[in-house]
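*Asks:* Quick one: structure below, then a few questions.
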């Protein structure tokens, strides 16, 4: 792939010596209204990335260590941790290499830097796609466990889970390769945005339906104990709060990135859209933050996993 300047990339470029430079095909010399540009210090970005790496490595180690966690649900959580780990590692690696290039501490031929850029971009894009896929897979798994509880173990078997996991990884690698190869096509950006919207709708529909079932179940229990309102309202408020946090964090962390992609299609040269483009480094930081939060939402709430995690930490000392 030929070098086309510092902003030729879908997910950033090592040809730009500043890690805070606009990415995703931005017009660097746009003129227009005064914009609010929130820069993220390199040290903070690298620090968040390292925190995410440590957290997700611990999740993978805990699930690998405890055989009681070798079930489809925890395998999906483990794969989500691996995806978040790859997002963090690749983003930190890209920023570190760019800083080294800027400082002159890393010298290399343009072809070598170009090849490394290609590899990192495919890794970042594939990890993002797989992370979204496994968030959807976890939602589907929980939905089946609630609405088909008696048949859950016959529906979600280990072979089926492994086939689903393999399909997600293969699809993520292939799609990310195509996305990077055809980064300058509008269809690529539309596919990414459509994929995000589909995952958001899927998760919202499934979790809202699960909340409705939980409230219905609570009403049934309340009638038996003749205290309908307190029990039902308490569970409903708790469930609604949990749902709001889960979907809110997902949308807050991923939404700006895909808004960025949408505006690239709708108004790539409009001055106001250019103001959004200048904050891409912040949007990538939010995705790293999502990788930090995911273990707390999906993994650390399990008492069995927390116990195993303590054992892993004690063994490491």
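Using the three backbone atoms N, Cα and C, a Cβ is placed for every residue, glycine included.
Annotations per Swiss-Prot:
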- 15: N-linked glycosylation site (CARBOHYD)
- 29: N-linked glycosylation site (CARBOHYD)
- 315: S-palmitoyl cysteine (LIPID)
- 1-37: topological domain 'Extracellular' (TOPO_DOM)
- 64-72: topological domain 'Cytoplasmic' (TOPO_DOM)
- 94-118: topological domain 'Extracellular' (TOPO_DOM)
- 141-163: topological domain 'Cytoplasmic' (TOPO_DOM)
- 184-191: topological domain 'Extracellular' (TOPO_DOM)
- 212-240: topological domain 'Cytoplasmic' (TOPO_DOM)
- 267-279: topological domain 'Extracellular' (TOPO_DOM)
- 301-317: topological domain 'Cytoplasmic' (TOPO_DOM)
- 38-63: transmembrane segment (TRANSMEM)
- 73-93: transmembrane segment (TRANSMEM)
- 119-140: transmembrane segment (TRANSMEM)
- 164-183: transmembrane segment (TRANSMEM)
- 192-211: transmembrane segment (TRANSMEM)
- 241-266: transmembrane segment (TRANSMEM)
- 280-300: transmembrane segment (TRANSMEM)
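Help me picture these features in the structure, burial and contacts included.
*Replies:* Non-local contacts of residue 315 (S-palmitoyl cysteine) by the CB criterion (under 8 A, 6+ apart in sequence, same chain) are absent.
Averaged over the topological domain 'Extracellular' (1-37), the predicted model has a pLDDT of 42.
Same-chain residues lying 6+ beyond the ends of the topological domain 'Cytoplasmic' (141-163) with a Cβ under 8 Å from its Cβ atoms: 71-73, 75-76, 206, 209-210, 213-214.
When the topological domain 'Extracellular' (184-191) is classified with DSSP, helix, strand and coil residues number 6 helix, 0 strand, 2 coil.
Sequence-distant contacts of the topological domain 'Cytoplasmic' (301-317) (same chain, at least 6 residues past either end, Cβ-Cβ under 8 Å): 58-59, 61-63, 65-66, 68-69, 74.
Residues 19-20, 69-70, 74-75, 77-78, 81-82, 84-85, 87-89, 91-92, 95-96, 99, 279, 281-282, 285, 288-289, 291-292, 294-295, 299-300, 305, 308-309, 312-313 of the same chain sit 6 or more residues outside the transmembrane segment (38-63) yet have a Cβ under 8 Å from a Cβ within it.
Here the transmembrane segment (73-93) has long-range neighbours at 45-46, 49-50, 52-53, 56-57, 59-60, 63-64, 120, 123-124, 126-128, 130-131, 134-135, 137-138, 141-142, 145, 156, 161-162, 165, 168-169, 284, 287-288, 290-291, 294-295, 298-299, 302, 305, meaning same-chain residues at least 6 beyond its ends whose C-beta is under 8 angstroms from one of its own.
Proximity of distant same-chain residues to the transmembrane segment (192-211), defined by a Cβ-Cβ separation under 8 Å and at least 6 residues beyond the stretch ends, is recorded for 129, 132-133, 135-136, 139-140, 142-143, 146-147, 179, 236, 239-240, 243, 246-247, 250-251, 254, 258, 261-262, 265.
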*Asks:* In the topological domain 'Extracellular' (267-279), how many residues does DSSP assign to helix, to strand and to coil?
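*Replies:* Taking each residue of the topological domain 'Extracellular' (267-279) in turn, the totals are 7 helix, 0 strand, 6 coil.
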*Asks:* Specify the secondary structure state of residue 315 (S-palmitoyl cysteine) as given by DSSP, simplified to three classes.
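*Replies:* For residue 315 (S-palmitoyl cysteine) - judged by DSSP and reduced to three states - the answer is helix.
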